[in-house]
Amino acid sequence: MELQEVLHMNGGEGDTSYAKNSFYNLFLIRVKPILEQCIQELLRANLPNINKCIKVADLGCASGPNTLLTVRDIVQSIDKVGQEKKNELERPTIQIFLNDLFQNDFNSVFKSLPSFYRKLEKENGCKIGSCLIGAMPGSFYGRLFPEESMHFLHSCYCLHWLSQVPSGLVTELGISANKGCIYSSKASRPPIQKAYLDQFTKDFTTFLRIHSEELISRGRMLLTWICKEDEFENPNSIDLLEMSINDLVIEGHLEEEKLDSFNVPIYAPSTEEVKCIVEEEGSFEILYLETFKVPYDAGFSIDDDYQGRSHSPVSCDEHARAAHVASVVRSIFEPIVASHFGEAILPDLSHRIAKNAAKVLRSGKGFYDSVIISLAKKPEKADM
């Protein structure tokens, strides 16, 4: 089976779907002020045709109602600028392209569009037709749009996914060089970590080059994804998965060879690695770069606001919170796990993930490290 066929979130609206378990809205709380700033700068820059139609893409949009939260925030940001400038700026038509791989569950997004449009009209006064939303399936590591056609590109929690599993993970004798690990984790040897970094560097460089060609001069990108801070101090979601698969091997439920042949194309870069790649590629200026932490159990409660949460061990509803973490991890990785190990292990694996999540929560290290970077395409000399 091709890698792109299993690199997608769990579709549908069931208990293990990404739509039911994503806490994307909580990440957007943290990202929204920077998103607003990007949109405000775009509209104030008087870029070609932007006052008539602002063209935006959400790269790696995933599925479910949460996919449209970014669209909502963009519309609100545009309205905010319009209110500040009053009659100087008419509301432009907003053309939104939702991008993900071909296997993404776009249908669940489309089903929520009628109610979303009605809500926009009620809350923001957007007439039907002033916000146009469509799909642009395909890999964001390849060309998606015509040259110099886009104003703003957004991507949230996608760029840690690589275009392919790095080479060099198997010896000449066909033996795994990354035994006991499923990606470039803390236990991986330096050559494995370098192989993953090299693949990330290649992919991110390609991403920047291709999308710089699609953006107009001084167009913006806002990117957020998991990063590596404090030398793996805080285990992320794939670390929980790795621990739990190892538990199943130790308990005799899985063969060690099956684990050793499972390599996930994910890399969590350091902020320095991100900065160096952007500067080396050369198409963009870094406007903003910051890291932040999000608790494992963010989104456990409907009223959860992780920004107000202290970084202390969680004891309240520990089992329920750990089960929530396991559901989130499963919604992200189930397709690729089931493809390699089979669906039969999923219930046991979820149980082990919950147990490991509870341990990490008790240790006070239950946080996902994330990086957010705002980029502006450098103008051509003729535009300066």
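Cβ coordinates come from backbone N, Cα and C, glycine included.
Given the structure is predicted, the values throughout are model-derived calculations rather than measurements.
The feature S-adenosyl-L-homocysteine binding site is assigned by Swiss-Prot to TYR18, CYS61, ASN66, ASP100, LEU101, SER139, PHE140, CYS156, CYS158.
Taken from Swiss-Prot, the feature site 'Involved in substrate discrimination' covers HIS154 (among others). DSSP assigns HIS154 (site 'Involved in substrate discrimination') to a strand segment in the three-state reduction.
In sequence order, TRP225, ILE226, ILE266, TYR267, ALA268, PRO269 constitute the residues six or more apart from HIS160 (theobromine binding site) in its chain with CB-CB distances below 8 Å. Look at Swiss-Prot and you will find TYR157, HIS160, TRP161, SER237, TYR368 tagged as theobromine binding site, backed by similarity to another entry.
In this structure, ASN178 (Mg(2+) binding site) belongs to neither helix nor strand by DSSP; it is coil. The Mg(2+) binding site annotation in Swiss-Prot covers ASN178, ASP260, PHE262, ASN263, and the record cites similarity to another entry as its basis.
Under the three-state DSSP scheme, ILE266 (site 'Involved in substrate discrimination') falls in the strand class. According to Swiss-Prot, the site 'Involved in substrate discrimination' annotation covers ILE266 (among others), on the basis of similarity to another entry.
Annotation source Swiss-Prot lists site 'Involved in substrate discrimination' at VAL328 (among others), citing similarity to another entry. In the three-state DSSP scheme, VAL328 (site 'Involved in substrate discrimination') is classed as helix.
What Swiss-Prot records for GLU343 (among others) is site 'Involved in substrate discrimination'. Counting only same-chain residues at least 6 apart in sequence, none has a Cβ under 8 Å from the Cβ of GLU343 (site 'Involved in substrate discrimination').
Cβ neighbour count for TYR157 (theobromine binding site): 18 (other Cβ atoms within 10 Å of its Cβ, all protein chains included). Note on proximity: of the recorded positions ASN178, ASP260, VAL328, the one nearest CYS158 (S-adenosyl-L-homocysteine binding site) is VAL328, by Cα distance. Using a 10 Å radius centred on the Cβ of ASP260 (Mg(2+) binding site) and all shown protein chains, the other Cβ atoms total 19. Distances between the Cα of VAL328 (site 'Involved in substrate discrimination') and those of the recorded positions LEU101, PHE140, HIS154, ASN178, SER237 are shortest for SER237.
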